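What TrEMBL shows for this protein is this:
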REGION    1-27  region 'Disordered'
DOMAIN    17-195  domain 'Guanylate kinase-like'
BINDING   G24, P25, S26, G27, V28, G29, K30, S31  ATP binding site
Amino acid sequence: MAATFRGTTPEPPDVRPRLTVLSGPSGVGKSTVVAHMRKEHPEVWLSVSATTRKPRPGEQHGVHYFFVTDEEMDKLIANGELLEWAEFAGNRYGTPRAAVLERLENGEPVLLEIDLQGARQVRESMSDSRLVFLAPPSWEELVRRLTGRGTEPPEVIERRLDAARTELAAEPEFDVTLVNTSVEDVARELLALMDVV
Ligand SMILES: Nc1ncnc2c1ncn2[C@@H]1O[C@H](COP(=O)(O)OP(=O)(O)OP(=O)(O)O)[C@@H](O)[C@H]1O
Ligand SMILES: Nc1nc2c(ncn2[C@@H]2O[C@H](COP(=O)(O)O)[C@@H](O)[C@H]2O)c(=O)[nH]1
């Protein structure tokens, strides 16, 4: 486990946090790690976000995201239905509040995969949450992964890399950093942090 952790492994908190936030720059591998983890541990509940982004090939409404219009997103925000929301690289994203609170009330492990702005909002509103930063092994590898995924045109990749500079500088704000060198190792470490294994 020590191979992937950076910095000091935190002391266990007095009360086990049940809400885990996974954040990190676009393309670092958040979705890949979460998918790997949930293949063997489907009991880890991942919040499905709402977004104004258009679906990528293969993405399904209600599975990967709730794909909404700008007007629908306006309403979700105005009605207080989002636990947090942010604009990221030209699109808006938000976490539906009710589903998260319901799972937490049932004592289920809950995972959010969101950007830095959202992570900061959750830290303010849910003080017992644990914030995990997923870091790339290097800047060059991050660029390679984001470009190699082939889902965004060059100008969107540039916007995401601009955001990545800010996100990487915010690493010290997080409780734990995991370096995504190996998907299997990070998935195992995340499960351990969530007390799932
Ligand atoms: N440890 C790894 N080694 C090599 N490639 C990886 C690793 N983890 C993820 N990848 C690859 O990097 C690319 C980006 O991964 P992924 O889409 O999971 O990133 P993400 O952080 O969820 O991005 P976004 O925030 O844009 O949604 C994918 O092509 C994925 O296969
Ligand atoms: N603040 C929030 N950020 C979110 C949410 N859902 C996803 N995200 C983050 O947005 C970027 C881009 O995602 P992509 O699917 O378009 O590549 C990435 O960092 C996600 O983690 C959310 O509900 N709130």
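Glycine too: its Cβ is placed from the backbone N, Cα and C atoms.
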Cβ distance under 8 Å to G27 (ATP binding site), same chain, sequence separation 6 or more: which residues?
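Expected: P136, L142, V143, R145, L146, T147, R149, R160, A164.
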I want the residues beyond G24, P25, S26, G27, V28, G29, K30, S31 whose C-beta is within 8 angstroms of the mean position of the ATP site's C-beta atoms, in chain order.
L134, P136, L142, R145, L146, N180
Comparing the binding-site residues S26, S31, which residue's C-beta has the most other C-beta atoms within 10 angstroms in this structure?
S26
Among P25, S26, S31, which binding-site residues lie by ligand 1, judged by Cβ under 6 Å to any atom?
S26, S31
What binding-site residues among G24, S26, V28, G29 have a C-beta sitting less than 6 Å from any atom of ligand 2?
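Going through G24, S26, V28, G29 in sequence order, those close to ligand 2 turn out to be S26.
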Tell me, how many other CB atoms lie within 10 A of the CB of K30 (ATP binding site), whichever protein chain they belong to?
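So the number of other Cβ atoms within 10 Å of K30 (ATP binding site) is 20.
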